[in-house]
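First up is the structure itself, then whatever we jot down about it.
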Amino acid sequence: MKAELEFALLNAGNLFCCLGFSLIAPFYPAYAKEFNVSNTILGLIFGMNPIGGMLASLIVGKLLNNGNQKTFLYLGLIIQAIGQFQFPLLSLVHQQEYFLTLSFLGRFLSGFGGCTFLTPFYASIPQKFPETTAQKMAIIEFFSSFGYLAGAVAGSILYEIGGFYFPFLIFGSASVLIALIIKFSFQENNQILTQKQQQNEKDNQIGYITILKDFSVLTSFNVIFSMCLAYSYFQPIFAIFFQDQFDVPPVDSGYYMSLAPFSYCLGAFLISRIKVHKQITILIGIGVVAISEFMMGPDPLFGIRPQLHLTMIAYLIFGFFIALPYVLTLPSIIETLEFRFEKKDHEKCICLASGLFNSILSIGEFLGPFLSGLITEYLEFPRSCSILGIYLILSTVLYIPNVFQNKYKIQRVKVQTFDEQL
């Protein structure tokens, strides 16, 4: 199968994995309330997906090489589908214990399988497309983030068509189909595997702690963590806020939540088409996202009563500017690592960065729903968003040195090149 066709197919799998994360946001919370599930437990259920993803990313990122990419790709989709198929079984249970068990298991397996697929997918791009890595990464980030943000509206549509079980059957079946195509159409690169085995001893000298010692890499991963935390924060409580504050039915909340995916598409499209200073653009993105959090309610300190159109404007701005760090942060991290390490270590660094990147995504996705469920037990939705906004402002401040460090690196590279010419 040609490389471009493989990329298109893997991107379809990428989209379905990411859509599956927020698929249950519009209709599952109301269904869980029928079993007397508290907001805190609801947040934990949502958070089981990224817990599974975090474990899978760290394991796969360490074991990954070019020879076993195919195995991890199709195995991840199969596991993810098994997780999705747990949720239709909820219609057959009537006790809270069984309901919680199936919910926790389904979300964990979906996350574990999804990141088992995504980690080798991210790592394969610089190797298969060395001349167009930045472009391919932008496309991947676009579909990944769009999937995370658009799952709610997809869930609402499928829920209206076929009821509670229908969205999970559709997404699970699609994952199985793509896994089978990968299994029987893709080929392993045994020659590259042999080369990796010969250099295995050298590769093992670099680990997760090694790449995190660079301050710019550490703060860049914090940016991704904060962005995932910011979006996933809304998953279990946004629909409830819409229903309580604006009398919006749970099934319709997915359509309101689709404003962020729409504006994200625009932001990601513009970023992929124009040449920008990565670090400055990332800084602007997280700064504006932080400000939008204070207007999501808006916070009572502003003296403005909650209004649906104000909340939607803030959410629209949120979606547009969150695209900037989502699309640009991983390419920025890879550039930093390629500058720091020798060329022979670049492939290992990319695998580790991919595993750590997806792991950080998962951690943020876990803590977002959990913290929102916990905080809203004691505070109103607008105030809880402001607390998150304060953290995002701190993340913005921590990232500022990256802008100046990047200029230093450019100057250093120029000096080295000049010295070599002499």
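Yeah, the Cβs are placed from backbone N, Cα and C, and that goes for glycine too.
Per TrEMBL, the features are:
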type	residues	note
DOMAIN	6-407	domain 'Major facilitator superfamily (MFS) profile'
TRANSMEM	7-28	transmembrane segment
TRANSMEM	40-60	transmembrane segment
TRANSMEM	72-92	transmembrane segment
TRANSMEM	104-125	transmembrane segment
TRANSMEM	137-159	transmembrane segment
TRANSMEM	165-186	transmembrane segment
TRANSMEM	206-234	transmembrane segment
TRANSMEM	254-272	transmembrane segment
TRANSMEM	279-296	transmembrane segment
TRANSMEM	308-328	transmembrane segment
TRANSMEM	349-375	transmembrane segment
TRANSMEM	381-404	transmembrane segment
Task = Check the transmembrane segment (279-296) against each of 165-186, 206-234, 254-272, 349-375, 381-404 and return whichever range has the most CB pairs under 8 Å.
result = 381-404
Query = In terms of Cβ proximity under 8 Å, which residues at least six beyond the ends of the transmembrane segment (381-404) contact it?
reply = 215-216, 219-220, 222-223, 226, 229-230, 233, 237, 241, 245, 277, 279-280, 282-283, 286-287, 289-294, 296-301, 306, 372, 375
Query = Is the transmembrane segment (308-328) packed against any residues at least 6 beyond its ends, judged by a Cβ distance under 8 Å, and which are they?
reply = 137-138, 141-142, 144-145, 149, 223-224, 227, 230-231, 242, 246, 248, 256-257, 259-264, 266-268, 271-272, 276, 278, 281-282, 284-286, 288-289, 292-293, 295-298
Query = For the domain 'Major facilitator superfamily (MFS) profile' (6-407), what is the mean per-residue pLDDT, to the nearest integer?
reply = 82
